[in-house]
Structures are given as structure tokens and as C-alpha cells.
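Here is the structure we will look at, set down as C-alpha cells.
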Amino acid sequence: MDTIDTPGEQGSQSFGNSLGARFDLPRKEQDPSQALAVASYQNKTDSQVVEEHLDELISLADSCGISVLETRSWILKTPSASTYINVGKLEEIEEILKEFPSIGTLIIDEEITPSQQRNLEKRLGLVVLDRTELILEIFSSRALTAEANIQVQLAQARYLLPRLKRLWGHLSRQKSGGGSGGFVKGEGEKQIELDRRMVRERIHKLSAQLKAVIKQRAERRKVKSRRGIPTFALIGYTNSGKSTLLNLLTAADTYVEDKLFATLDPKTRKCVLPGGRHVLLTDTVGFIRKLPHTLVAAFKSTLEAAFHEDVLLHVVDASHPLALEHVQTTYDLFQELKIEKPRIITVLNKVDRLPQGSIPMKLRLLSPLPVLISAKTGEGIQNLLSLMTEIIQEKSLHVTLNFPYTEYGKFTELCDAGVVASSRYQEDFLVVEAYLPKELQKKFRPFISYVFPEDCGDDEGRGPVLESSFGD
């Protein structure tokens with residue numbers, strides 16, 4: 001396996017400073033770490049929403065070490081095919097640049113085409129970054145494991161491939177001292193073709209590495225499934241409080257910081273529910289509006305693995321003005337990955353930031369009905385744990401088992417799986433009450449003496465063992 005590059009200590013904070021070395025700006029006073037951010041919307045009713053979108057774009061830029069000095073938004077029904085931004089707004093941007101001469105970067109809250117990016121840079125004399133490039137850079141700086149690095153580098157390579165001409169255009173201008181900026185005939189075109197071949201080869205190698213990682217994860221999932229421990233995945237919009245909730249439920253020390261994509265690598269921890277039942281909780285990468293398709297494709301296996309857990313805890317920042325949009329972003333991702341929506345518990349987090357009773361009715365009526373919590377203060381956590389317990393019990397067979405003392409190891413196995421509700425010692429047997437998941441029912445069938453009435457339908461207290469009660 002090839003060596004995987006890992007981000008340096010400075011991470012994406014050095015990205016803004018590195019732009020000066022990568023791009024030749026025409027004016028000395030320009031600083032590529034200072035930017036103008038722009039966003040568009042379809043009609044006047046979206047004007048308030050677009051301001052929230054700009055705030056998110058500013059946070060993305062800040063995570064990359066870029067300071068946004070000025071923002072603009074406007075209605076854009078039909079983008080320009082050549083520059084994305086229409087002529088009138090380009091002239092408005094040029095006036096802004098006169099007012100803020102230090103601005104060296106234009107950030108657009110969309111993914112634009114390579115030709116639009118090149119044409120804008122040539123027209124405005126700025127580095128032009130789209131939303132996708134910012135998100136890719138942040139993911140690159142947050143990736144800590146080999147798997148995450150493979151996924152991010154694969155997404156970056158796919159994004160870079162059609163944009164090599166743009167980078168060579170800047171290099172040729174540097175070599176020619178800024179002149180017309182055209183390619184040196186022959187040399188530049190040959191080098192672009194060589195670079196394209198190298199990038200394609202890198203995509204091929206990274207794809208092969210990712211397939212190997214996916215295979216390893218599938219094997220681990222099989223082992224985990226055979227153990228019969230129920231699994232929950234924490235999903236939701238970035239910065240919604242998933243890692244804080246994981247720490248609270250598992251007494252873990254997962255990295256928590258109030259910034260976008262603080263968690264990129266999935267982390268799994270054991271959680272003990274009321275009554276002693278063990279489950280596994282996995283914290284996953286946060287979603288975001290307009291998540292780049294290259295990233296969705298590269299992280300598809302990671303996202304699918306999360307969505308295929310037994311139950312999803314969909315964590316929503318109830319205090320955010322665009323909470324409903326964040327919910328829809330998650331549901332849209334289900335559709336993009338063509339995944340049927342699994343069992344979900346909607347968790348409205350950060351209710352401590354809201355006045356009592358001020359949670360919008362549209363959030364309260366989300367299906368399934370949400371649990372209100374604060375992962376920071378612990379409010380509502382017992383309600384969440386109780387609901388998790390109920391769901392696990394619904395998916396399990398409530399039974400009594402009789403273990404001869406010669407089979408004590410089987411009892412230990414059930415304890416390790418966290419499915420034992422109680423046990424008592426008798427003269428010839430160890431009598432155990434347990435909730436058996438489907439994965440363990442066939443294995444422990446010989447030891448089951450009773451199935452509880454909620455599972456077998458017998459109204460006479462505890463019922464007899466029924467073959468139809470068991471999984472295949």
C-alpha cells in the first residue's frame with residue numbers, strides 16, 4: 001500500500017497563506033488569505049436564508065485560514081455559462097475590490113465549473129475558490145486515519161483532474177513575468193497531459209486501496225454482528241453536538257470543538273443502557289449543505305456503514321435558525337446514496353440555548369417524534385436512554401435460559417454481549433433472563449426454557465418455547 005500523506009500540525013489554517021505561492025496575483029497589496037464571499041438565491045423570500053448560508057461560508061473560510069472582509073448576495077436565476085456570475089455583478093465586484101484592495105480571493109457558495117473558475121480569475125485578477133474546494137481542504141486537514149486520508153485524497157484527485165489547466169495557467173504567468181498569461185506552446189500542454197495521467201493513476205491506486213479498506217470493514221462488521229451487540233450510529237449536520245453526546249453516553253474522551261467537521265474519522269464506543277444492556281455507539285462525520293459529490297462518492301462506504309447500523313440517532317441542533325434545512329440535508333443524503341431510511345431516533349440537541357417552550361412546532365412534529373435533550377447539561381438524557389432501551393427490546397426475544405454449570409462459558413458470552421437482565425443460581429442450573437438479538441437466538445436455542453408473553457403471545461404468565469419465536 002502506498003504511503004498516505006497526513007496533514008501537518010497547522011492543518012488547513014496554512015491553506016490561505018499557501019495560496020500566494022500557488023497563484024500569481026497581479027497587485028502587490030493583494031493578500032490571498034483575505035476574501036470576498038458571495039452567494040446567490042432564487043427569489044426574495046430566500047434573502048434571510050442566504051444570509052445564514054453566508055455565515056456558514058465564512059466559517060468554512062475561517063477553518064481554512066481565510067478571513068472574509070466583505071460579503072455580497074443577490075438573486076441569480078440563470079448563471080452565466082462562462083463566468084457563473086453575470087456581467088452586472090462582476091462590475092459590482094470590481095468596485096468592491098477598489099474599496100478593499102487587499103482582497104486576493106473570491107469565494108463562491110456553489111461548485112462552479114473549471115472553465116468558469118479560470119475565466120473569473122482572469123477577469124478579476126483574484127484566486128477563485130468554490131464551496132467544494134473549501135470543504136475538501138477542511139476534510140483534508142481533519143483526516144487522521146489512513147482510511148479517511150484515502151477517501152479525502154481520492155475526492156481531491158477527482159476534483160483536481162479537470163482543473164489542471166487552471167493551475168498551469170498561473171504557473172505560465174509566473175514564468176513569463178505576468179505578461180499575457182498564455183501557455184508556452186508545447187511545453188505546458190505536454191505537462192498537463194503528463195499531470196492528467198499521473199492524477200488518473202493516483203485515482204486508480206487510491207480506489208484500489210479504498211476497496212481493500214472496505215473489505216476489512218465488512219469483515220469487522222460480520223464479527224460485530226455475530227457477537228449480537230446492538231449498534232447505534234450518531235448522524236446529523238456538522239457541529240450539531242454528536243461528539244458531545246457520544247462522550248456523555250459513553251464517558252469517552254472523543255475530541256470536541258465548536259467548529260465544522262471536528263470529527264471526521266468514525267469512532268465506536270460501548271454504552272451501557274439502564275438495566276445493564278450493552279450497545280455500541282458510533283460517531284460519524286457531520287453532513288453539510290451541498291456536500292461535494294466527489295466527497296459523497298469517496299466517503300460512500302463510511303456513510304453506508306453508518307446508515308446500516310441497527311438504529312440511527314439523528315442529532316439536530318434545535319437552536320440553529322436553519323435546523324429544518326439541516327434535517328432535510330440528512331434525508332437528501334439517504335436519497336443520494338439510495339439507502340432506505342432505517343430506524344431513526346430524532347434527537348433535538350442544544351435545547352438549553354432556547355427559552356423554555358420555544359422549540360418550533362415544525363421541529364416538534366418531525367417524524368419520528370423527537371427526544372429533546374442537551375448534551376451539554378444532561379437534560380433529557382434519561383428519556384433518550386429509555387427510548388434506546390425500548391427499541392432494542394423490541395428487536396430482541398425476551399427469554400429465560402437454563403445453563404448447566406458445565407456450560408458456564410455460554411453465560412459469560414451473554415454477559416459480554418450485554419443482553420443479560422438478571423441471573424440466579426439453582427441447584428442444577430444457572431437461570432438467566434435475557435434479551436436475545438436475532439444473531440444469538442439460534443446459538444442459544446437449546447438453553448431456552450421460556451419465552452416471555454410479549455414475544456410468544458401466551459397470556460398465562462411465562463409461555464412455553466415456540467419454534468416460531470426464533471430467528472432462522
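Here the Cβ of each residue, glycine as well, is placed from N, Cα and C on the backbone.
Residues or ranges marked as region 'Disordered' by Swiss-Prot: 1-21.
Summarising the annotation, Swiss-Prot assigns domain 'Hflx-type G' to 230-396 and lists sequence analysis as the type of evidence.
The GTP binding site annotation in Swiss-Prot covers 236-243, 261-265, 283-286, 349-352, 374-376, and the record cites sequence analysis as its basis. Neighbours of LYS242 (GTP binding site), defined as other CB atoms within 10 A of its CB across all chains, total 30.
Taken residue by residue with DSSP, SER243 (Mg(2+) binding site) is part of a helix. Taken from Swiss-Prot, the feature Mg(2+) binding site applies to SER243, THR263, supported by sequence analysis.
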Just to confirm my parser: what is the rounded mean pLDDT across the domain 'Hflx-type G' (230-396)?
84
Site with most surrounding Cβ atoms, counting all protein chains shown within 10 Å, from the binding-site residues GLY236, ASN239, SER243, LYS350, SER374:
GLY236
Give the number of CB atoms, excluding that of VAL285 (GTP binding site) itself, located within 10 Å of its CB.
24
